[in-house]
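J.: Handing you a structure now.
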Amino acid sequence: MAYDKFTVLTSTAVPLPAENVDTDQIIPARFLKATEREGFGDNLFRDWRYDVEGNPKKDFVLNDPTYSGKILVAGKNFGSGSSREHAVWAIYDYGFRCVVSSFFADIFKNNCLNIGVLPVTVSPEFAEKLFNAIASDPSTEIEVSIPAQTITLLTTGESESFDINSYKKDNMQNGFDDIDYLLNMESEIDKFEKTR
Amino acid sequence: MEKTTLFDKIWDAHVVRSVPSGPDVFFIDKHFIHEVTSPVAFLNLEKRGVTVKYPHRTIATPDHNVPTVDQDQTIKDKLSRMQVERLRENCKKYGIELHDLGSAHHGIVHVIGPELGITQPGMTIVCGDSHTSTHGAFGAIAFGIGTSEVEMVLATQCIMQSKPKKMRITVDGELGSGVTSKDIILYIIAKISAAGATGYFVEYAGSAIQSLSMEARMTICNMSIEMGARGGLIAPDETTFNYLKGKQYSPAGEAWDQAVAEWSALKTDEGAVFDKEYTFEAADIEPMITYGTNPGMGIKVKGNIPTTEGMEGSNKISYLKSLEYMGFAPGEPVKGKKVDYVFVGSCTNGRIEDIRSVASFVKGHKKADNITAWIVPGSKEVEKMAHEEGLVKILEEAGFELRQPGCSACLAMNDDKIPSGKYAVSTSNRNFEGRQGPGARTMLASPLTVAAVAVRGEICDPREVFEN
């Protein structure tokens, strides 16, 4: 479905420096039984966030009131494994609009863009700067701008540009999705289908 | 003429339109759906007031979430039942072919596609499941997609995709005895890491790959995603054609000859350039097992868990956290570690050859007392063959419990869960934290190694257990 427009986001961030966070950690398979898209945020990072009895684990970052915000700053190779879009639905439903990492798994990144969560790939050095800045001051604000294609640490002004193709950039800024585009070229696809 | 790769040939033939500085509009020949990643796609179609454009290009089966006992009865778990019922309703409403629970061709979607001959060389195939890469074994471009993309395919038979980079992995030489295709892929992933092929589509080549059966090739392509690759494929050859001949959906008669002629042209031109190449020697590969919480954390069964030497920062922290979860220490051997469960099944190793190999090795042996052994056929067809060939009897005599087809303990969405803290040696594809149940500790290995572990009750090298 068409999603929220995304131009510039300024927010504090939640740090999760663990590497190779797979989609089974983001949303375990046993919570994939719904037939609708809403409500997955409650089980985001379920087994890291809650113990077996369902009590919050104090040492997990989402349970630490020090950190909040619409940006998740994650470790290297974030979102590997299963193609479940539920992982991004959970991230979105929890309230994040942007995920920053030095390296994303492919399908996860596609899934993010398809529902309007912005994946921002930064250099490992810039990721380190973000983690350090958030650790020393959790109220640190980060600005992510799609028109400028930049991510900026507002406390120091340090900034880095990120890649996004112009088609997706346009989609994100206008809240369009791929199906809108594809439905508009129905007769061209029909013609092609007959050749297959 | 420009030299192109197998991947280029298939990709380029499926581009309907290239968006300037954007992705390609990519046509999909076959689309598989299952009960877990499709309901929201159908729901959104309805919200948009759009229908399924080419229903004959989509094939459905419930697999992820189904029970593996009493499949003839109503599903007890309410949410699982709802998902399966929703799939039935959607298939009926839109005229989509459904291989329902209990029917002759029910099974894991990546097992039934090839089994029915739906999967064919040169095709583009997608499914809302990352192990769709399995179908690449036939020389097809096959990969997993998210639910938004499932919706796109249902509505338009296309998705928007940027063309990935190309990687070739060549494995030359002869495999040693007791070494299987599962060991090849675990070896490759251990070498290049769980993220080493992210952004790439892989072609597997070389004499060791060419000598493999179709089923063994599927195991390799299946795990392409475990090194981050969107998919992996193998050029079709006589082995491919022999497998497909006479299958229900394979072309027949004149159409067969024409298809084989076309399929035979599907190969990488000599001199075509890949963005990245790796070459490995089959002789260097031994039975493999994973010790950590991603599939890249694999070693020889006879090897030691790596020490933290040379690691630093978050890399070291993540590594130690992973070992802590597994209850292992850096530097120690895995051989001799007690095991609680073995699982034979999944889209990686739930085909008839896998069950044959386990049965042939455990014949005349008994599983160890400390082991619970589950064997879950990938499909009804596999189950039927296992009965007809007498494999079920052998396995049951050895103390294995045969369950009904489905994804089962590979992802533990149903009741087939490994209890917290217990060790499972599994033929499946992922050893992530909690993958086989909250707190479960998974070690991935080949069906042969699993058979040996079942008999010994501890981690062991199959070559030492089963002589000859």
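Here the Cβ of each residue, glycine as well, is placed from N, Cα and C on the backbone.
Nobody curates TrEMBL annotations by hand; they come from automatic prediction.
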J.: Of B:C221, B:C347, which does TrEMBL put in the [4Fe-4S] cluster site with B:C407, B:C410?
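T.: Within the candidate list, TrEMBL flags B:C347.
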J.: Among all chains shown, work out which of the binding-site residues B:C347, B:C407 has the most CB atoms within 10 A of its CB.
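T.: The residue with the most neighbouring Cβ atoms within 10 Å is B:C407.
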J.: For the recorded [4Fe-4S] cluster site formed by B:C347, B:C407, B:C410, name the remaining residues of the chain with Cβ within 8 Å of the site's Cβ center, in chain order.
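T.: Counting only non-site residues, the set is B:D63, B:H64, B:I108, B:H110, B:H131, B:G345, B:S346, B:T348, B:G350, B:G378, B:G406, B:S408, B:L411, B:S428, B:N429.
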J.: Enumerate same-chain residues with a sequence separation of six or more from B:C410 ([4Fe-4S] cluster binding site) and a Cβ-Cβ distance below 8 A; give 'none' if the list is empty.
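T.: Looking at Cβ-Cβ distances below 8 Å from B:C410 ([4Fe-4S] cluster binding site), excluding near sequence neighbours, one finds B:F343, B:G345, B:S346, B:C347, B:T348, B:S426, B:S428, B:N429, B:R430, B:R435, B:Q436.
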J.: According to DSSP, which kind of secondary structure is B:C347 ([4Fe-4S] cluster binding site) found in, if we only use helix, strand and coil?
T.: helix
J.: With H, G and I counted as helix, E and B as strand and the rest as coil, say where DSSP puts B:C407 ([4Fe-4S] cluster binding site).
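T.: Its secondary structure by DSSP: coil.
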